[in-house]
Amino acid sequence: MTRNAAAEIAFSSEQGKANYAAALRRYPAQAIVDLKAMRDNMAHLVAMVGGPASGTAVMGVVKADAYGHGLLPSALAALAGGATWLGTAQAHEALLLRQLGIGPDRCHILTWVYNGTEVPFDELIEADIDVSVGSLPGIDAVAAAARKVGKPARVHVKVDSGFGRNGFTPAGFDAALAKLVPLAKEGVIQIIGQWSHLAVADSPDVPEFVTSTDRQVETFKEFTQRMEHAGIAPQIRHLANTAATLSRPKIRFELCRPGIGLYGYEPDPAMGEPGDYRLKPAMRLQAQLGTVKDVEAGHGISYGRTYLTPDNTSTAIVPLGYADGIHRSASGFDMQGAKHVNKPGGPVRVMTVEGPRLYHVSGRVCMDQFILDLHGSAAELGVAEGDTVELFGPGRGEQFLEPTADDWARAADTISYEIFTCLRNRIPRLYEHAAEVLDAHDLELLDPASLL
Ligand SMILES: *Cc1c(COP(=O)(O)O)cnc(C)c1O
């Protein structure tokens, strides 16, 4: 009998069970994505901004393969939750959304990373995708593409209100207006939006960060005035990411752009837990144990002997490594003796005869695997090869001892965003509750082998 430390899967059909069995044969780890959680997170964000009639729309940010959750299923779940916009950084993902079946009748799509010379603005304009411009070569390239296609480009003017990344600075804005105004008058471009991004919206408790966000908002409004004076007032403005959507009602404007909230996390654990915001983490990452064996006290574990077993014990191999996106910085050290260092690695929930236990990566994370010191006899604990362990899940409350991606982020000295986006696509993504969340048309768009 194998034990399971992850939540039971809500299979929707016999085919779902067969898909799961096939995934287990293909790879010893699975990322299971709960589309209902994602839909509900979006519905909650939409309700927070006042609902569909509030004058504030919500964009599901699905860049980077929907933060590693899978582009198309996540986009469809966001739409099912009431998003009326989708956003991607890279143009090819925006085009993919249209090619995969999300037409302009369903939602607007905005894409924003480009260089003025190579991005296929012509294809984007033809596919009814809104584009951001934030540089003079960008304006020239968009205008040339719109003329070539014979259709106006829907443009969002990106302004640098203080983030220091993309967009026109206040000093450079006159030159931008000098190009934008005649193009808008001629009908080559349509000025749809004005937008910007916040640097520290996730720290509402740090006064100097609140002040710097206030300053960004003021600068943002000055840009709006300059556009109005120039005769190209934006139809909509947008500035708020998840953090601002949750905590700054005054700057939601006509559109909010939450990303991490859709996937069920708060942007910074300093803001609290996902549950504090009625968000539910959508992904759980599980794996099936490889070799489980007994070793003696003082046994070196993994490269560099950074972990020496403190006692006679059993170890278990988790078949995930840095080639899967498990951060090597989440390695666990325990050096006995003079050089004693004790740094716990990333957490793993393991089911034993006595219930769940939380273990930590012992020693260095390898390319395809890492090791757990079970701190006891595997035979007595009832832990065996083939058992399913859970690296992170929704964090079902203290008594469950269930780690979240925030816990892995702490162990790896990073943020939850990087934990998901690093997960390689060789780990199967499997979708739970698809039939409950999506209508028949949308279900048909998804890879049937990915549905549970
Ligand atoms: C990623 C991103 C967002 C979403 O940020 P979250 O912190 O995930 O909510 C919004 N806007 C832009 C421009 C982004 O790049």
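Sequential numbering from 1, following the chain as shown.
Quick reminder: no glycine exception, Cβ is built from N, Cα and C everywhere.
Where the annotation comes from TrEMBL, it is an automatic prediction and has not been curated.
Database features, via TrEMBL:
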type	residues	note
ACT_SITE	LYS63	active site, proton acceptor
MOD_RES	LYS63	N6-(pyridoxal phosphate)lysine
BINDING	ARG165, MET367	substrate binding site
DOMAIN	282-432	domain 'Alanine racemase C-terminal'
ACT_SITE	TYR303	active site, proton acceptor
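TrEMBL feature annotations superimposed on the structure.
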{"residue": "LYS63", "record": "active site, proton acceptor", "contacts (Cβ under 8 Å, 6+ apart)": "GLY87, THR88, ALA89, GLN90, GLU93, GLY259"}
{"residue": "ARG165", "record": "substrate binding site", "contacts (Cβ under 8 Å, 6+ apart)": "HIS197"}
{"residue": "TYR303", "record": "active site, proton acceptor", "contacts (Cβ under 8 Å, 6+ apart)": "GLY363, ARG364, CYS366"}
{"residue": "MET367", "record": "substrate binding site", "contacts (Cβ under 8 Å, 6+ apart)": "GLY321, TYR322, ALA323"}
DSSP output for ARG165 (substrate binding site) maps to coil
Any idea what DSSP makes of LYS63 (active site, proton acceptor), helix, strand or coil? helix
Do you know the mean pLDDT across the domain 'Alanine racemase C-terminal' (282-432)? 94
